[in-house]
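Only one structure is covered here, and it is reproduced in the block below.
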Ligand SMILES: [Zn+2]
């Protein structure tokens with residue numbers, strides 16, 4: 001069992017308590033990195049880091065598919081591609097827990113219903129706010145839309161930089177990784193795929 005440290009004076013009300021063992025783990029990491037976790041500037045850092053990680057990983061507490069449960073069937077005969085472009089997102093790589101920062105383009109070809117456009121971004125964030133690899137993030141977003149919206153096609157393209165590559169290791173700032181996942185007509189019909197990629201600006 002983990003002991004819970006209650007909110008103290010300098011914690012604004014409503015902030016969740018951070019278990020002592022979590023704070024200890026972050027202190028250990030600070031020490032390991034070469035600093036003194038008891039010095040003034042670092043005293044409250046473990047709590048801040050812990051709460052920040054809860055936020056980075058909010059996706060574990062939701063099922064992104066719920067965002068696709070409310071559909072609109074009156075689309076006025078619209079039967080072309082719906083595209084949400086340049087959606088900024090942040091995730092963390094599961095290998096280094098380092099930031100992945102990028103943008104996504106999400107498109108689908110509706111059958112006879114659509115969703116509110118912001119829902120596509122919510123699906124993305126639901127999967128991005130977890131420990132991820134970019135390939136899986138791309139596939140999970142595409143699969144979720146494919147399974148729940150049952151469109152004729154779905155296309156997801158993600159461009160992102162990985163801090164584990166730009167800020168450490170080979171240190172190659174500016175390098176972008178691009179992944180894509182296609183389902184339905186965007187996978188099977190090359191003209192549809194070319195059309196959606198052109199709309200995405202690729
Ligand atoms: Zn990494």
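Cβ coordinates come from backbone N, Cα and C, glycine included.
In three-state terms derived from DSSP, residue 93 (Zn(2+) binding site) belongs to an extended strand segment. For 93, 96, 164, the entry in TrEMBL reads Zn(2+) binding site.
As annotated by TrEMBL, domain 'GTP cyclohydrolase I' applies to 23-200. Each residue in the domain 'GTP cyclohydrolase I' (23-200) has a pLDDT score, and their mean in this model is 95.
Neighbours of residue 93 (Zn(2+) binding site), defined as other CB atoms within 10 A of its CB across all chains, total 19.
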